[in-house]
C-alpha cells in the first residue's frame with residue numbers, strides 16, 4: 001500500500017477551467033472567464049503547463065502502469081461519505097470566481113439533477129460522487145493524472161483536444177507506428193469500452209465502483225467514466241472508433257455535464273439536511289466500506 005499522503009494537494013481542475021462549450025451553457029458565454037492562451041496570466045499559464053505535462057506523459061505504457069498500481073484497490077478503505085468528506089480537504093483552484101469546497105459542488109450537482117429528474121435516484125447519487133476519484137491526489141498522483149480532459153491513448157490524438165497543436169510534441173507514442181495512426185491499436189468502430197483512456201479521476205472511480213460491486217445502472221457508470229472525454233462528446237472526434245451504443249451514452253453524458261459544470265453558484269445547499277436522503281442512496285447503490 002502506498003503511504004505517500006499529501007494533506008492539502010493543490011488541484012487545479014483544468015477540465016473545468018477550459019469550459020464552456022456552447023451546448024452546455026444556460027447563460028451567455030460572455031459571463032464566463034476567457035481561457036485563451038496568455039503568457040502574462042499566471043492562471044492561464046498554469047492550465048497550459050498542466051496540459052503540456054499531461055499530453056507529454058499520458059502514454060500507453062504510463063496508463064498501463066497506473067492500472068497496475070491503482071487497480072489493486074489497496075490504497076485505503078472508506079465509505080462513500082468518508083471519501084467525500086476527505087475530498088473536501090482538497091485545495092481546488094479550478095474555479096477562480098467562486099471559493100466553494102468540493103462537497104458543496106457535489107451537492108449542487110446532485111440537487112440540480114434531482115430537481116430535473118426526481119424519479120431517477122441513481123442520477124442524484126451520480127452527481128454527488130462523480131468527482132470521488134480525485135482522492136488519488138492524496139496519494140502522490142500528479143494533478144495532470146487526476147483532473148483535466150481525457151482522451152484515448154494508443155491512437156492518433158483528436159484535433160479538438162485542448163492545446164492539440166503543440167502539447168504532444170514530446171509524447172513518445174507520437175513516433176510509434178503502432179499508436180500514431182488514426183485507429184492505432186484499435187479496430188474501427190470497436191466501441192468506447194474497448195478504448196484505453198488516459199488516466200484520471202473518471203476512469204479510476206468507474207473502476208472502483210465496478211470492483212466494489214456497485215449496483216448503479218450502466219448509464220451512471222458511463223457518465224462517470226466519460227464525463228471528461230470532451231474531445232468525443234463535445235469536440236466530435238473519435239467517432240470512427242465508437243459504435244451505435246456509444247451514441248446513447250453520449251446523450252446521457254451531455255445531460256449530466258449540464259449539472260456538473262454549471263451548477264456552481266453562491267446559493268449553498270443545506271448539506272446536513274440533505275445527508276439523510278443521500279445516505280439512503282449510498283446504502284442502496286454503494287453500501288459499506290469500499291476498497292480504493
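One-based numbering along the chain as shown.
The backbone N, Cα and C atoms fix where each Cβ goes, and this holds for glycine too.
Keep in mind the model is a prediction, meaning the values are calculated, not measured.
Annotated in TrEMBL:
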type	residues	note
BINDING	33, 92, 93, 94, 134, 148, 149, 227, 228	substrate binding site
BINDING	105, 130, 131, 201, 227, 260	Fe cation binding site
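The Cα of residue 105 (Fe cation binding site) lies closest to that of 134, out of the binding-site residues 134, 149, 228.
Cα of residue 149 (substrate binding site) to Cα of residue 201 (Fe cation binding site): a distance of 10 Å. Of all Cβ atoms in the shown protein chains, 25 besides its own fall within 10 Å of the Cβ of residue 149 (substrate binding site). Summarising the environment of residue 105 (Fe cation binding site), the number of other Cβ atoms within 10 Å of its Cβ, over all protein chains shown, is 25. Highlighted in sequence order, 106, 109, 202, 224 have their Cβ within 8 Å of the centre of the Cβ atoms of 105, 130, 131, 201, 227, 260, the residues recorded for Fe cation, and are not part of that set.
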